[in-house]
Every structure is written in C-alpha cells, then in structure tokens.
Amino acid sequence: MILNVVLKMILRSWWRNKVFFLVSVASLALGLACTNLLMTYFVHEHGLEGRNPDRDRMFFLRQDDPMTEGKRVAFAGAEIPPQLKQSYAEVENFLRLGKLDLLYCKVNEQKVEGDFKMLSADTTLTNFFDYRTEEGSLSQVLCQPGKVALSEACARRLFGGKQAVGKQVEAHFRFGEVRPYEVVAVLKKREQSLLQFDMLIAHDPDFFWGGLTLLKLTPGTDAGHLADKLNEDKVPTLMPGQTKYYLDPLDAICFTTPDDASQQTLDYVSQTPVQTLYISLLAAVLILIIACCNYTNMSLSRLLQQLRMIHVEKLMGATLRNIRLQLFGDAFLTVVLAFGLSILLVNDCLSLFNDLLGSRLTMTFFFSSQMLPWLLLFILLMSVIPAWYISCRLSRLSFTEYRTLYSGRRKQRFVAVLVTVQFVISTGLLLATLTARNQMELTRQRASRYEGCIEIGDAFGAPLAPFKTELEKRVKGIESMTLSKASVLNAWIRQLNVQRPGGKEVRTNLLTLEGDSTLLRTLRIEQLSGESPSRLLERQASPVLVNESFVRLLVPAGTEVVGHALREFDTETKDSLAVIAGVVRDFSVNSLEEAVTPLVITLLSASDLQKGFYLQLRLRPENREEALQQIEAVWNEMNPNQPFGYADMHRDFMARNGKVLSLSHILTFYAVIGLLLTGFGLFGIAWYATRQRIREISIRKVHGATRGQIIWLLNKPFCIYAVVAYVVAMPVGWWFMLHWLEQFAYRAPLSIGIFVWPLLVVWGISAVIVCLQGWILSRVNPVECIKQE
C-alpha cells in the first residue's frame, strides 16, 4: 500500500514539473545511449578473441618487409610453418591463411556483385578458432577441394532465406579463372572474431605459395626467445640474410598506431586504430558529463518545487522513511527510465554507428555476459548513488535550510559551474571536429585528381593495346585514357641507398610509372618544367619525368636536373638511355600520413606499349554509368573467358585515408550530440531562471526597462560562461589536436575560422535559447504579474 502511494506521488511530481522532467530524462537518455554505444564499442574491439582460451598463446609470424624499411609483413612461404612445427617443440600448431582475388559469384547463372572476401585455410582452423555451423560440416570444407563454407550474411545474400547447403556457387577470380564450389556449411556469426570473411575454402596446394601465418605456442614459451632461435637458425625469409622473423601477439596487428603509418593492412583481419578507440572512449565520458550536468541542474530546480510538497506531506503525517522512499524512488526511476529509453535509441542508431566506425556491433553483444554486467553495474551506480544522496540529504532539510544551501547566490554559482563545464566540452568537441574536418578536406583535395578515374588490367593479364583501340572507337564517355605498364596506386616500389651530405647513407623508396603521353592529363598531374609529353616523345628516345621529392632527396642542391641522365641519380636503373626531361609536382598515392615517394615517370611510345597491361581512364561524370556498361560490353566481347573488373582509383585512395575520415565522422556526430544536450540543458535552465525572475523583470518594465535590456540581462551570464569556457577549452583542445596532427606528413593549414567558430556556435545556441525565453517573458503584462505575485 505504501509503495502504491509513493509511486503515485512520484508520478504526480513528474507531471507537475513536466518540463524539467522531460528535459532531464531526454538529455540523460541521449547521453546514456552515446555512452553505452561507445563503451560497448571499446569493450568489443579491445577484447577481440577475448573468449578464446588460447588467445595469449597465438602469435603472428611476421618478417621485415624487403620493400619498406621499418615495416613488418605477416607473411611466410607455404613450406615454412610445417618446417617450424617439425623442428621446434615450442610450436604446438600452425594456421596458414590466404586471400583469393574474387571478383563476383554466380548462383543459378545469375551474377551476384559484391565485395566478397574468400579465404583459404588449413584444417587446423578449428584448433585456433571455435567456429560453429548453422548447418553443414566445416571439417568437410577444410578437408575436401571444391567445397565452401559461407558466413550467415553471405548465405542470405546469395540465397535469400533459402537453405544454402547443397547449392552450387560459381566463383569468378581476377585472372579469368572460374571455379565451381558446393556449399557444405553455413557458419554462425562469431562475436569479437579476429577473422572477417564471407567464404572459406581449403588450400589448393597448386596455387597456395604462402600467406598470413599464426603459430600456437606451447604454454610457457617465450615468443621473443623463439623468434631469436628462428633467426639464429637462418630460417628462410623473403630476403635471406637481410631480413628476420618476429613473433608478435594478436594486438600487434589488431590495433594500429599513428606512429606506424606503414603498418600492414589486412582487410580480412579486424584492425582498429588505437587512437580511434581511445578518442571514442573519451567522447563517451565527455557526453556523459554533459548529460549528468543537465540532469543535476534540472533535478535541483525540480527538487526546489518538490520540497514544498514534501513539507506538506510531513504536516499530513508522512514519516521520514516514507519521504526518503519517495525521494529515492523519484531519482532511481528517473535514471532507470532514461536507461530504458537509451537502449531503444541504441537499437535505432546501431546501424548508423556501425557505418561511422566500421564496427560490427549487434544488440546481442549488448546483452551478452561480457557486456551486460558492466552495463548493469554502470546503471546501478548512476541511479543508486544520486538517489541515496538525495533521499538522505534532503529528507532532513527544512524548507528554509534548503533555500539557504541550494538557492540564491550559492545555487547560481553551482549552476554557473555546470553550464560552463558543458560549454567547455562542447567547445572542445567543436574545435576537434573542425580540425579533423580541415584535414579531411585536404585529403579530399588530394583525392580530387582521381575523381572519375578507373584502372583496368593486371600484371598477369593480356596486353590491353587492342582493347584501348576499341574503346577509342566505340565509347564516347571517356574524357582521357592512358595505356601503361604499371598500376598507379599499386605500383612496385624499389629501395635506393642515398648518400647524404656528411657521408651518411639513408634508404629511400623509388616509385616508377610507365605510360604514354596522356598519363599526366588523365591523372591531372601538374608539370613544372620541360616540354609537353607528346613533344618529348617526338624529340627524345627515352624521356623521363621526375617529381619534386626525387629532386629534393636524390639530386644535389643547386643542380638543374633537366637534361641529366637518370643514371646519375639512380644508379640502379636499367635504362642507360633515360634522360630527365622535366619535373612534375608531388602527388600522393598513399595515405597523407606518408611523405610522397620519389617518382620516375617513363614516357613510352605506342610501339613500346604493345605489352601494356593497364589502362587508366578518366570518365565524364555525366556519362559514367553508361560508359562503364559500354566498357564492360567491349571487354566481354574481346575477352569472353575473363571476367571484367576495374579499380575505382578515387575510392581506393580515400580508403587508404580511412582513419582521418572515420575520426572526422565520429567527432562530427558527437559534437552535434554534445550541442544538442547542451541546448536541452540551457532550455531547462533558462525556462526556470526566467520564471524565477518574473517579478524582478516586471518591476524593471514598470520602471522603463526595454525589451532589449531585459533580453540582455538574461543573456549576460551565459555570454560570460561561453567566454570562460572558450578560454579553458581552446588551449586544451588545441594541444590534443596538435598531437593528433603530428602523425600526418601533410597537414591542412589552420584558418582563423577553426578558432572562432566554436565560440560563435556555442554562444549562438545559448543566445537563441535564452533570447526566446526572454522574449516570451518580456511580453507578460507586468501589472498582472505583480498582482499574482
């Protein structure tokens, strides 16, 4: 009976102060939703293979990359892992993985497009990872050729809701090979899985030459000591005698750091930037602080109204226990209600969140044994501690004591601190967002040269000169087309030893492109010196162009590079007739975290390009889709046994800069959430403040105060809060973002707007909200108001 009465009193209190209640619940629910999402993301990514009992015994077998100094690659020849298991007792087992270049699949003669990831694996896969099947047998897949296992998502994509086991899938690979597979298993989704794939097959011994290798060591084995033994025993590497092996834990590949811009990227392994992980956690804490500030502000205002009712209840015979129960239940149920609403928000926003961060969170993981206890503990602390404090503290206060402690100047100072904290966080998030977006705009500017460009061909395919001729005749939507001997974004790189002033020798990479005279026009490369490529081909036997980085790193200062033989600066070049005929401006082919590599562009005549394997095409944007269809039709006509495929150069370049894009999207999203929460809080505070000062404002109006003066009176403290917040947030936020920008070799110039906009936005939002409340209040008839007071 008592609980029933208490519940009615709580509901009546909510209804009586519905503005404060709705604002506090809405802001708290939004803050909890964001916090729950980011906390869950952190736990999910940080705990990859967390339930695997052998996680700490699994190590990647990596070796020095012979092409890039300081970089390691997770690769071993196909014969190496079996030798290690046989020769070293510390190696309990091994798992070799390989990725196949799958273009598309056919099911019932119907072509199914998509970015399918197909892996081949050893039979030891189940010894490393606990894959469960929805239907079928995984061991059959790993032991027999011509069998394939599909992920649940891939099975739905290929067969809809129908049974997949027993069906046939025709796989079309990059080099024209077509293989039929029988589906014999559908795998259940594994939460926090290290490997990400759509299709799984057994290794084909005739085509598997090596790939990513995992070693499972016996308990107690020192991985570093074992790696030293491998190198002492001279186990063959990619470059025997020059490179060595390493045994690195899973975290070495799963978590990428800004200090290692050249870290190997494996799209079938879960890889998360450590920076993104911790920035996400920090954003969660900041958003929660804003939400808690709102909740505290609203609660103080609502409790002042509620305290009058509590003293009436005391006069009517309510006991101290009943009062405490009511206050505790009010605060507890408010937080629990906000938490329930936050779960609904999480469910609605989960797909958007996964797109922003490239994560694979599911609602199932929220309620898993790994996450649910933490969420329950979090919400218990968030609800019980404030509820207990409020019930114990306020139930003993008289109305006069409450007004002394929690109203007047003391409350104004408290509210000022809470509002300023919200402004500090919002200003800091805005500064970080603008800095990240500024860097993202630089990335987009560098990527603009690849917009509309596609690349066709591969190093092992047929020469594309006849295909180019047909395209020139039959496809009208091509703006420019280049026949070349190398891929632009995936060109081979070789290393050079460069003698620096003072006798110091350093190693640098050299990128080589070979194409016809249209290469510069197709890729919009700016030529700084020398004649046009077509004129150079007419006048010189073997002209080459170099970029600014080549001149800066390989050419002695003060030397006019044009006219010199290439061999003077690149002693390892095979072309003794090559002459440097011009210089082009630097352009990026990789992430902006890496400095532009020295480049040599060899201009070739049509006769020299009869064996050109690549085409770079710039399509007119208005005819892109039509041109692609026509290009595919010509390809299928000339190469009926080889599937058509192309690389979107703009998309590939942006993917290489995915970290800055991802961070920019995250910060933008949470800056908007932070501003929204701050706006909620300001609305509630302004609403309460204006109604507390109705009598004062009415008297001011009677004495001649104008509407503008009244609005400024209400706005003035919030302007001060915004300025103080700006002064506090700007140096702290700038220090963090400056540290973040250090990872980039190329940084966007900082404009004055990055520093001004955070203040203008925060002040503008507060001014609009407070001015609206002030304008409504200024229209009140002062005589009627004073009468009511």
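Each residue, glycine too, has its Cβ placed from N, Cα and C.
Annotation source TrEMBL lists domain 'ABC3 transporter permease C-terminal' at 282-398 (among others).
Look at TrEMBL and you will find 669-778 (among others) tagged as domain 'ABC3 transporter permease C-terminal'.
Positions annotated as transmembrane segment by TrEMBL: 277-296 (among others).
Under the heading transmembrane segment, TrEMBL lists 331-353 (among others).
As annotated by TrEMBL, transmembrane segment applies to 373-392 (among others).
The transmembrane segment annotation in TrEMBL covers 413-436 (among others).
The annotation transmembrane segment is assigned in TrEMBL to 667-689 (among others). Below 8 angstroms of C-beta separation, residues 19-20, 23-24, 26-27, 30-31, 34, 279, 283, 286-287, 290-291, 293-294, 297-298, 301, 356, 415, 419, 422-423, 425-426, 429-430, 432-433, 436-437, 714, 718, 761-762, 765-766, 769-770, 773-774 of the same chain, each at least six residues beyond the ends of the transmembrane segment (667-689), sit close to that stretch.
Below 8 angstroms of C-beta separation, residues 416, 419-428, 431-432, 682, 686, 689-690, 693, 697, 700-701, 755, 758-759, 762-763, 766-767, 770-771, 773-775, 777-778 of the same chain, each at least six residues beyond the ends of the transmembrane segment (710-734), sit close to that stretch. Taken from TrEMBL, the feature transmembrane segment applies to 710-734 (among others).
What TrEMBL lists as transmembrane segment is 754-777 (among others).
With a threshold of 8 Å between CB atoms, the same-chain residues lying at least 6 positions outside the transmembrane segment (277-296) that come near it are 23-24, 27-28, 30-32, 34-35, 37-39, 41-42, 45-46, 255, 334, 357, 418-419, 421-422, 425-426, 428-429, 663, 666-667, 670, 673-674, 677-678, 680-681, 684. With a cut-off of 8 Å between Cβ atoms, the residues of this chain six or more beyond the transmembrane segment (413-436) that come close are 283, 286-287, 289-290, 293-294, 296-297, 300, 406, 660, 663-664, 667-668, 670-671, 674-675, 677-678, 681-682, 685, 717-718, 721-722, 724-726, 728-730, 732-734, 736-737, 740-741, 750, 753-755, 757-759, 761-762, 766. Look at the domain 'ABC3 transporter permease C-terminal' (669-778): DSSP puts its residues at 94 helix, 0 strand, 16 coil.
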